[in-house]
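Trainee: Here it is, the structure in full.
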Amino acid sequence: MRGVLRGLAVVVEDVEFGRRLYKEGFYGRFLGYDKVKREEVDRINAPLVLALYEALYLVERGVLEVVTDSGEKITQTRLVELGREKLKNFDEIYKIYKYFRDLGYVVKSGLKFGALFSVYEKGPGIDHAPMVVVFLEPDKGISATDITRGGRLGHSVKKTFTLATVLKNTGEVILLGFSWARL
């Protein structure tokens, strides 16, 4: 099945295929809808919009083919190049996304929490995301104020505030989580 590259997103216009992707892993978001519960998916009649990193993940697994508006296939290599051209730190962000997905988590945008990702154990509408992930650029420090801000954010939304980065020399994903505790 295919999706069409449109700017920074890949649009799955086949509604049935979009529903299947969403049901199987909560990939993307339906155009015009916010959080959709699994039991509501069959009532949705809208295209599914995937972020570039989601589309790349599905392309790597042979689940999705990405094409241009004219139907020309975009290779996996070209999709990575486009990600690098359009998004700062695309490689690192994708590695973090892939890291959580490969562990079986559902990874959604964390924008409403001021974060890169919200990470669910089961999925939106089933459980609450126990973790918000903020990207820490490689070779960039973090201040005590940033940590305090993150801890407050995590506490206010009752989630673990997690810093994620990718080591330049090894490509390893490194996580550092903060949770509030009563002492």
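Here the Cβ of each residue, glycine as well, is placed from N, Cα and C on the backbone.
Note that the structure is predicted; figures quoted are calculated from it, not measured.
According to Swiss-Prot, the feature active site maps to Tyr120, His128, Lys159, an assignment based on sequence analysis.
Help me see these features in their spatial surroundings.
Mentor: Under 8 Å, Cβ to Cβ, and six or more positions away along its own chain, Tyr120 (active site) finds Phe26, Tyr105, Val106, Val107, Lys108, Ile126, Asp127, His128, Ala129, Pro130.
Taking all protein chains in view, 13 other C-beta atoms sit within 10 angstroms of the C-beta of His128 (active site). Classification of His128 (active site) by DSSP places it in coil, neither helical nor stranded.
For Lys159 (active site), the same-chain residues that are 6 or more apart in sequence and have a Cβ closer than 8 Å to its Cβ are Phe113, Ser118, His128, Ala129, Pro130, Met131, Val132.
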